[in-house]
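Feature annotations, reproduced from Swiss-Prot:
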type    : residues                          : note
BINDING : 116, 135, 136, 137, 138, 139, 140 : S-adenosyl-L-methionine binding site
C-alpha cells in the first residue's frame, strides 16, 4: 500500500510515521508513506497557499491551485504502479472515523490524505476527493493529527503488517464490542489474582469467558455499541444472562 499525505507541516509526520508498527511496516515493504509539502507547488511569489474568502468573512481559505498541482504530481509519480485509490480530505464535517472505516481503507492499494489548515478549503478542492473524514465532533488546528490517527488504525489491517492477523481482529471495536480483560504473569500480584479459568487450559471455557467479559465490559462502558453490534444468538443469550445476574428485576 502507498500512502500519500499533503500537508503544510511535513515534519510533524517524521516521528509518528517512522516508529513502532508503522516504521517496521515501511522497513518491511508493506507500506510506502510519502509526505508532500504542497506549499512547494504554489505559484504565488510569496509562497502563499491561502487567501481571503470571496464575499468576506473571518479567516483564510486554502487555495485550490497548490493542492491540485500537488495531486497532479502524485498521480504522475504513481499512475504506473498504483490506482488513484481513495483521496481523503480531513474535515470536521466528514464521515466519522471508526474501526470499520479503517478496515475498509486497508483494502485499498493507495490512500491520499489532504490535511487542511486555516479556516477551511476552497470548495473546489472537494472535486479531488473520494472521502471526507473526521475523528469526531470537534475542531483541530489542522488535519495532520487526524490523518496520523487514521493511518495508524488503518495500517494495522494491511496484510502482513502485524504478522498474526488474529491480533487486530481481537482489538476493541473489531467485532463491534470492547475487548475482554487480559492478564499476564504473575498469576497472583499483591493479592490480585488472575481468573482461574484463564489458567485452566480449557480452551472452550476460556473462549466463553472472554466472550462474556467482552459483552459485560461493553455493557458497562459503551452500551451504545450494543445497539449496532451484530450479536450471534449465543451472544444475545449471554448478554441477557449478564443483565439478569446484575439486576434480577430486569424483565426477560
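Glycine residues also receive a Cβ, built from the backbone N, Cα and C atoms like all the rest.
Features as recorded by Swiss-Prot, highlighted on the structure.
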residue	record	contacts (Cβ under 8 Å, 6+ apart)
116	S-adenosyl-L-methionine binding site	62, 89, 90, 91, 142, 143
135	S-adenosyl-L-methionine binding site	96, 97, 146, 149, 150
136	S-adenosyl-L-methionine binding site	96
137	S-adenosyl-L-methionine binding site	92
138	S-adenosyl-L-methionine binding site	92
139	S-adenosyl-L-methionine binding site	92
140	S-adenosyl-L-methionine binding site	92, 146
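Per the record's binding annotation for S-adenosyl-L-methionine, residues 116, 135, 136, 137, 138, 139, 140 show a top Cα-Cα distance of 16 Å.
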